[in-house]
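Straight from TrEMBL, the features:
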BINDING   A:Lys7, A:Phe8, A:Gly9, A:Gly10, A:Thr173, A:Asp174, A:Tyr179, A:Arg184, A:Lys209, A:Val210  ATP binding site
BINDING   A:Thr47, A:Glu74  substrate binding site
DOMAIN    A:269-344  domain 'ACT'
DOMAIN    A:350-412  domain 'ACT'
Number of protein chains: 2
Amino acid sequence: MARIVMKFGGTSMAGTERIRNVAMRVKAQVERGDEVAVVVSAMAGETDRLVGFCREASPLADPREYDVVVASGEQVTAGLLAIALQSLGLKARSWLGWQLPVRTSDAHGSARIEDIDTRACLASMAAGEIAVMPGFQGVDAGDRVATLGRGGSDTSAVALAAALKADRCDIYTDVDGVYTTDPRIVPRARKLTLITYEEMLELASVGAKVLQTRSVELAMKEKVRVQVLSSFTVHGNDELPGTLVVDEDEIVEQELIAGVAYNRNEAKVTVVGVPDKPGVVANIFGPLAEANVNVDMIVQNYAQAGGTTDVTFTVPRTELVLSLDVLARSQGLIGYTDVRSDDAVAKISVVGVGMRSHAGVAVTMFKALADRGINIQAITTSEIKVSVLIAEEYTELAVRVLHTAYGLDATT
Amino acid sequence: MARIVMKFGGTSMAGTERIRNVAMRVKAQVERGDEVAVVVSAMAGETDRLVGFCREASPLADPREYDVVVASGEQVTAGLLAIALQSLGLKARSWLGWQLPVRTSDAHGSARIEDIDTRACLASMAAGEIAVMPGFQGVDAGDRVATLGRGGSDTSAVALAAALKADRCDIYTDVDGVYTTDPRIVPRARKLTLITYEEMLELASVGAKVLQTRSVELAMKEKVRVQVLSSFTVHGNDELPGTLVVDEDEIVEQELIAGVAYNRNEAKVTVVGVPDKPGVVANIFGPLAEANVNVDMIVQNYAQAGGTTDVTFTVPRTELVLSLDVLARSQGLIGYTDVRSDDAVAKISVVGVGMRSHAGVAVTMFKALADRGINIQAITTSEIKVSVLIAEEYTELAVRVLHTAYGLDATT
């Protein structure tokens, strides 16, 4: 017998027909002899509807009252799933955030789970009752309803799995696992059987939106084994049909590269003719930080004749106008001659914990791109990731080329 | 300074535009110097939507989970009204059923309020915060969400007013008060300024559906002064623009008759040729009670030649088929010769605490109806009500004739 937390997203819970399907999946898990707790999202579209009401009521809605309103969506689906489970002859009950309680920080609208009291829930599960918990919600120290921010139900599921010391947290979603890259670009992309938390974080943050980043961070911290799998396909008797996200230690045969990701949501800014002296870089990025601009890649060129240099960096496309405005206002401080920007860029990343122990990963990337005449505008690296900035029009080509170059293509 | 509970129904809360209007009404009350708590219903149609989900999930939904689902509608409007009040510069917060708590019985789906702990709420109100409470909901002794049954928000409001020792409970609805009769039938119907709890109960139970019956019973028991008034008209500076429902002692000049009500939802059944001996009436109504049929008026004729009698009674129209079925199965037990039924009947009632001390009220009724050739098929009386059963086609005529006969017509 294993203890499993199953989490179903908004698409899986969209309407009573689908909720009945979810109940059947839960039933199948119970019939394997497992002890099951379920975490649910609101019906797809419901949270948007509730957020819309709050905005209409006041653009500056009190976040504590906003949370009272938007937390209701998961309350509805938790009750409905308990009803659907009972109608299949199973014992089940819902546990609202305040009933366990799920204790959170008081950062309403983006609260963090601090503690889940599982005593009552564990007693109920020991008596054969399936626990159904609404995701996304908890209560702060003053017993006010608090929500975790959009997509928070993944985090709720991982936190519950950690608190229950569950053997696994299965996240049911509308994809059947994590792929080596976007299958819409590379038809021969492969579904990964295993991936490490670190790889998942890097892939998620650069565009493969399967799990909410915070939920992966929490799983890594609490060593919760997370499986990503589809809510819409029949899984048969496969033990683990999806992708299992685990600690590096659990993976015996480590692949060099787990996947290739891309991100078209960045824009490039080049500050030209900056005096090449200490403190100038701080003069550029200080005002941007004050304006809450998230700067990503940064490249500083070699100093040119005349003692000036160029500094290139990327920002989210939605923050480009703001960034240019900040720079314009800081010209006196920085002393640049010109600012250029380009929002037709893409960031391509190869991710894999295996590159820690292998040299030459970046070289393979640069060479493969050069062979197709793709110019690299900027480079950043981390321990398990190499990212390059290229012209946006080459995105698909670059992803395909790298997928092949690292031997990720499925054998047909 | 008075302490006022204001209650707004689903039509008043249907959408953020209307919720903003409600917030303005609350603001006006606060600006008179009153201390205010507000009780809200779900948006019109929302409870039906949630009930529909539960029925789709399972026709036999667990009432505890049903309550989790349907209670969410009032949670949403309570949060939204708090937001709308804040956007007008007022201090406000929502108090969910479990937060006060509102303690109820465990009869989920039709629970009764047993106690409201108002300590935290009173402290918040003393600090100038408007309290916003979702109607219809509470928690049972085991901290499971419980709802009061449809229309329960009126009862929530009265219970909160009693617990807060409020000076008045104002129920805002889509009519501007209680009328002497249905203004659609009698254009010269008058809005009552005052009405007693007992009269309100009799008028409500025979068709004038303004307040939920349980809320009036509770108001009577707890001596809560209740005002019924419109949520959609501008009230100007009138102190009490609606109808005040109060204890008899508060009414100095008691009118003989408060109003004329009608009810077209009954059907008449006559059991013919019943042996005129002890125990026969019990043989008729015992099986009907077991089948949960609500029998209303009962008339037993004088014994006829041959030692038999006829028994006539009324039942809700929706229970007529069931009643006839029960009687058919009980023919051996009762020993009747025939059963006749008629669903084209109407019950007309005149209601007024003044009739306690005045003889001749019933005679006025019978004479007025006879003058128009309206035949009376059955009569029942209570201390403050006389009801007659007539052919349905005379309903409007009877109501108009009686309204005039008792001097209720407005002077123009």
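Using N, Cα and C of the backbone, Cβ positions are placed for all residues, glycine too.
Because the structure is a prediction, the values reported are computed rather than measured.
A map of TrEMBL features onto the structure.
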{"residue": "A:Lys7", "record": "ATP binding site", "Cβ contacts under 8 Å, 6 or more apart": "A:Val38, A:Val39, A:Val40, A:Ser41, A:Gly135, A:Ser153, A:Asp154, A:Ser156, A:Ala157, A:Cys169, A:Asp170, A:Ile171, A:Tyr172"}
{"residue": "A:Gly9", "record": "ATP binding site", "Cβ contacts under 8 Å, 6 or more apart": "A:Ser41, A:Ala44, A:Ser153, A:Ile171, A:Tyr172, A:Thr173, A:Asp174, A:Ser231"}
{"residue": "A:Thr47", "record": "substrate binding site", "Cβ contacts under 8 Å, 6 or more apart": "A:Gly10, A:Val70, A:Gly73, A:Phe136, A:Arg150"}
{"residue": "A:Glu74", "record": "substrate binding site", "Cβ contacts under 8 Å, 6 or more apart": "A:Val40, A:Ser41, A:Ala42, A:Pro134, A:Gly135, A:Phe136, A:Gln137, A:Ser153"}
{"residue": "A:Lys209", "record": "ATP binding site", "Cβ contacts under 8 Å, 6 or more apart": "none"}
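Each residue in the domain 'ACT' (A:269-344) gets a DSSP state, and the totals come to 28 helix, 24 strand, 24 coil.
All protein chains shown were included, and the count of other CB atoms within 10 Å of the CB of A:Tyr179 (ATP binding site) stands at 22. For the domain 'ACT' (A:350-412), the DSSP-based tally of helix, strand and coil residues reads 30 helix, 14 strand, 19 coil. The average per-residue pLDDT of the prediction over the domain 'ACT' (A:350-412) is 91, rounded to a whole number.
Of all the Cβ atoms in the protein chains shown, 23 others lie within 10 Å of the Cβ of A:Thr173 (ATP binding site).
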